[in-house]
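Engineer: My questions will all concern the structure given below.
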Amino acid sequence: MPGQGLPLRVATLLTGLLECLGFAGVLFGWASLVFVFKTEHYFEELCEPDAGPMGNVTGSADCKAQDERFSLIFTLGSFMNNFMTFPAGFIFDRFKTTVARLIAIFLYTSATLTIAFSSAGSAPLLFLAMPMLTVGGILFLITNLQVGNLFGKHRSTIITLYNGAFDSSSAVFLVIKLLYERGVSLRASFIFLSVCSAWHVGRTFLLMPRGLRSGDHGNDTTEGEKNTAESEKLEMQSKECLPAKEEALEPGKQPEPRSFWRYVLSQRFACHLVWLSVIQLWHYLFIGTLNSLLTNLAGGDRALVSTYTNAFAITQFFGVLCAPWNGLLMDRLKQKYQKEAKGSSAMKVALSSAVPSLALTSLLCLGFALCASVPILPLQYVTFILQVISRSFLYGGNAAFLTLAFPSEHFGKLFGLVMALSAIVSLLQFPIFTFIKGPLQNDPLYVNVLLVLATVLTFVHPFTVYWECRQERSSLAAA
């Protein structure tokens, strides 16, 4: 694959983009699918007649328990989406592309067939199907991220583009919802997704690179004098994560092995984990409870809930257009800082380019969180826009930061670990939801205030990275 021609590399890039766009992150269109499941009477037996103020039964039903069941399914699915990236990272690093993708195809196809043949009577099968669907999807994303290595200096842009496509794939459930409203059954839609497994198998054996890892900084060709300059440039990129004193070893001295746990226990990794976990919790809580939120704000009007659900899913589709701007920002700043660097290590130059991206992502999440906290239905259109931009920046920026801040040989494991640990934090979304529904009686004000304050704390991460780079510049100037 590294020696293949440009047309084949472009075909790999475009088909990978289509795969991420159509399959990888469909879980995050959950609000659209919940609308269909409720119409199909999934978990409807959990609804109870609503008693009025005098104890009289009214025409409406209290479906709090049904909403909690759907929230729990999404919590498990989103947890598995992140947590399983840790073992998936090991599998990918150890067995490479083909094995990882065959596992993904098996899980994804099993999940779509399970949903296709489920019904209101077998609704608990969703607890099995949704986690399998999300693990298969994240494996599709991880195996496609390596395609960025085939395009040299545009690597961060491609990584963020693929992550944006992952976000946009949530619109797939909107398509299923719209088709359902026009007479196409849920079963037919998911059988179609199952048949698409043939497409995934074809890409696996015909187009996907097999010798690269997601964190490798390989070059397009490895032979010939005309490629020497590019090879040297990419070799420098592969050393971006080495501390300055490791870059200038004495002649004849072998570099010390770079321990995986050394990086896991570093302050940089800890700050990044907190940054990702807090912002991600906001997004998961919002997506997982959106149907319930809209139902409350719309006063139970199903037509209005459907309209806002469609609007949310449509905005999600544009994540693929938002994410590349983050990667482009990082790539441009990195090139700029490399030209201006005077004695700074390549690692610090790369990290400097990540600071604006990290800060901007935190700012976007803060705006999204503030809008989501205001119980005004029309304002949710603004919330939807800020949410999709923030989320597309979050995951693209996360993957790109890990490639810049840590050694390439540990990328798969570090990416998996940070996602797994953030997944544990994401489990808080279910107790938060039940706390709002129960003791707070559907008033999320106090929870929202605490989460907004936690969002403000995420600005610590870009500040510490900036301070680290500034300290090195100061020490070099003093020298």
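Using N, Cα and C of the backbone, Cβ positions are placed for all residues, glycine too.
Note that the structure is predicted; figures quoted are calculated from it, not measured.
I grabbed these lines from TrEMBL:
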TRANSMEM  12-37  transmembrane segment
TRANSMEM  70-92  transmembrane segment
TRANSMEM  99-119  transmembrane segment
TRANSMEM  125-147  transmembrane segment
TRANSMEM  159-180  transmembrane segment
TRANSMEM  269-287  transmembrane segment
TRANSMEM  307-328  transmembrane segment
TRANSMEM  349-378  transmembrane segment
TRANSMEM  384-407  transmembrane segment
TRANSMEM  414-433  transmembrane segment
TRANSMEM  445-467  transmembrane segment
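Help me picture these features in the structure, burial and contacts included.
Structural biologist: Beyond its flanks by at least six residues, the transmembrane segment (12-37) meets 1, 43, 70, 74, 77-78, 81, 108, 123, 126, 130, 133-134, 137-138, 140-141, 144, 147, 150-151, 158, 161-162, 165-174, 176-177, 180, 186, 193, 196, 199-200, 203, 207-209, 287-288, 290-291, 294, 305-306, 309-310, 312-313, 316, 320 of its own chain at Cβ-Cβ distances under 8 Å.
With a threshold of 8 Å between CB atoms, the same-chain residues lying at least 6 positions outside the transmembrane segment (70-92) that come near it are 27, 30, 34, 37, 43, 99-100, 103, 126-127, 130-131, 133-135, 137-139, 142-143, 213-214, 280, 284, 287-289, 291-292, 411-417, 419-420, 422-424, 426-427, 429-430, 433-434.
Counting only same-chain residues 6+ beyond the ends of the transmembrane segment (99-119), those with a CB under 8 A from a CB of the stretch are 23, 40, 88, 91-92, 125-126, 128-130, 132-133, 135-137, 139-140, 142-143, 186-187, 189-191, 193-194, 197, 200-201, 203-204, 208.
Packing against the transmembrane segment (159-180) from elsewhere in the chain are residues 16-17, 20-33, 35-36, 39, 137, 141, 144-145, 147-148, 186, 189-190, 309-310, 313-314, 316-324, 326-328, 330, 388, 391-392, 395-400, 403: each is 6 or more residues past its ends and has a CB under 8 Å from a CB in it.
Long-range contacts of the transmembrane segment (349-378) within the same chain, counting only residues at least 6 positions beyond its ends with a Cβ under 8 Å from a Cβ of the stretch, are 240-241, 275, 279, 282-283, 286, 294, 297-298, 304, 308, 326, 329-331, 333-334, 336-338, 341, 386-387, 389-390, 393-394, 397, 400-401, 404-405, 444-445, 448-449, 451-452, 455-456, 458-459, 461-462, 465-466, 468-469.
Through the fold, the transmembrane segment (384-407) approaches residues 145, 155-156, 159-164, 166-167, 214-215, 240-242, 258, 263, 268-269, 272, 276, 279-280, 283, 286, 311-312, 315-316, 318-320, 322-324, 326-327, 330, 334, 347, 350-351, 353-354, 357-358, 360-361, 364-365, 367-368, 371-372, 414-415, 418 of its own chain, all at least 6 residues removed from its boundaries and within a Cβ separation under 8 Å.
Same-chain residues lying 6+ beyond the ends of the transmembrane segment (414-433) with a Cβ under 8 Å from its Cβ atoms: 68, 71-72, 74-75, 78-90, 138, 142, 214-215, 260, 263-264, 269, 272-273, 276-278, 280-281, 284-285, 288-289, 292, 398-399, 402, 406, 447.
Here the transmembrane segment (445-467) has Cβ contacts under 8 Å with residues 267-268, 271-272, 274-275, 278-279, 281-282, 285, 351-352, 354-356, 358-359, 362, 365-366, 369-370, 372-373, 432, 435-436 of the same chain, all six or more residues outside its ends.
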